[in-house]
């Protein structure tokens, strides 16, 4: 087997292992590690079931300054701040994966772990939703936090609280939390009906809040700024509320406001249009003829990504990786890939063969092949992977191995500036990925390319779960170069010095 010179580490989707095509167990292994990552991002009092043993309890007084309990939840990336907007998006994606691929996830014995990951987040979000018109949206001062390199177990930076109210609204974050609650209510409907009911009730409350008191959320800038506005989140939340059994009024809401729908070429924590369009296109294909615009816009999303499309908007790297922007590009890759798989599933369920982009027709098989060709830089998968994550907890010694406190500036000299691998392997973490030329420098200081995030992993969970089912049918193609898309086979054992620097 001849392997391309465009090679990365920790490859999941096309993999050479001594010349053997990727097997089902590899996808299941990748799925399990992607879910395990969330345990390394936990904030609060860790449970006895905690599997990531180098982490300890942290941020146990969050919310105390305003007499509320904001303990728990997730740190969004390599820092020690809890941003509710991207956290909620991550939970919505995890729930979407659990809803669409329960058999596949169960086959890898991961459904219980996935449900625990979702519940850890939704429990925190319920605590953050303190009244019908109050939602805490951030815990921690991002600027102060980023001046320090310290473990979450040691952090002494201000745990500043941010919130939205009727007089200081933020429709994007309120609607995203509503979507997360609605999606999670479906996940737990059969296993914990009382919890599911509570989630759906809170989802309705937050949606009403987001819609009645409309205003763009900017409190988490410059870290998470709203560029697409809040209309995408309102459509996304309405679609999830309808799917969760909230009532026909939510579908009517989407129909009445379908003029908001825009053709998108990314699916991210900021821009949810492609996700909402995928959910609502399913309803159109099921007979809701007044939702045609969502189907048209969903098709356009596919056309904006597929190589060979006359309306392609997104370029690929020489190695075939979708490349939207340099900062944490893998978040857009995993987000796009998840939608490509989800929309293909919608089309196939409706007996629809594919998407036509100008004079070119892309079958669902071709769409899935392209999605499957996308690359992933996952820590702890295979023998070669990024070792210098831009991640405070991973890069500093575990509190159990180094009990002495590591202060705000102490972490820089001994660990941040070190060329040694991180002392704690953050298994399952997906980093920001290579630049436009497939170059990846394994450097802790290069946060744009070496920092993991919850939403990158959450989207990957939905993507890799899609590959577990039908593995035996498609496995014969996994070890072949897809000539139509010029996608290289990627080999774990061969590392190109041209593409990887240490």
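Cβ coordinates are placed from backbone N, Cα and C, and glycine is handled just like the others.
Remember, TrEMBL labels are computer predictions, not curated facts.
Listed in TrEMBL for this protein:
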- 1-24: signal peptide (SIGNAL)
- 27-463: domain 'Glycoside hydrolase family 9' (DOMAIN)
- 442: active site (ACT_SITE)
- 451: active site (ACT_SITE)
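Residue 442 (active site) sits 10 Å from residue 451 (active site), taking the CA atoms of both as reference points. Residues within less than 8 Å, Cβ to Cβ, of residue 451 (active site) and separated from it by at least 6 positions along the same chain comprise 77, 78, 328, 389, 390, 391, 431, 432.
In the structure as shown, the Cβ atom of residue 442 (active site) sits within 10 Å of 21 other Cβ atoms.
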